[in-house]
Amino acid sequence: MKRSASDSPLLFDLPLAPDFSQEQQLMKRGLKHIAGIDEAGRGPLAGPVVAAAVVLDQNDLPEGLDDSKRLTAARREALYEIILTKAITVSVASLSARSIDASDIRKAALEAMRRAVIGLTLKPCHALVDGRDVPPGLPCPGSALVKGDQRSVSIAAASIVAKVTRDRMMIRAGAAHPPYGLEIHAGYATQKHRAAIESEGPVPGLHRYTFAPIKGCFDC
């Protein structure tokens, strides 16, 4: 299906910071509660993929929301607490490395998103999803927004919640598995992480055995 220009924004089309205009367009159609959905952890060699769904209060929007990748860790942590306080409802879901290996990362990420929406205490009227895919099986209609975390404050809020949640999980994993430095790189393929995998081997249940360079290098 051909994508519209709004689905694939050019860099100069993006706002300086995400705003509430995407949500307002839906609200003009009578849709009251709009959920933003995003995930963290598609690319790492280790750990889960984590998705978050957030329904913001249009009358009490947190200030400073942005794509989590454009924020410092300290700023993400501060906004995370503000989002949990101000949002109407927030839900987080994750799929483990084993679940990722059993299917693939795209399917796992979409399933985590679906579960996050289902976990909301209030059923949204519509979901705005970061990326190009709407997860199958959502309990509400959804729209995919390319670079949505830079266009929609609801998606930006979800990106922050997902990122902070996953980073905290990887800090705990790092304490349990010191040689890998997971608390530093969150499971991504840094030189330190790759060297530790080569010397120590991958950890079952933690590392993604279907991801290169792990795939085919070890007896799993």
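Positions of Cβ are set from backbone N, Cα and C atoms, glycine also.
Database features (Swiss-Prot):
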type: BINDING; residues: D38, E39, D130; note: divalent metal cation binding site
type: DOMAIN; residues: 32-220; note: domain 'RNase H type-2'
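Distribution of Swiss-Prot features across the structure.
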| residue | record | CB count, 10 Å |
| --- | --- | --- |
| D38 | divalent metal cation binding site | 32 |
| E39 | divalent metal cation binding site | 28 |
| D130 | divalent metal cation binding site | 27 |
Problem - DSSP three-state assignment for E39 (divalent metal cation binding site) - result: strand
Problem - Cβ-centroid neighbours of divalent metal cation site D38, E39, D130, 8 Å, sequence order - result: I37, A40, A51, A52, A109, M113, V129, G131, G148, D149, I155, A158, S159, A162
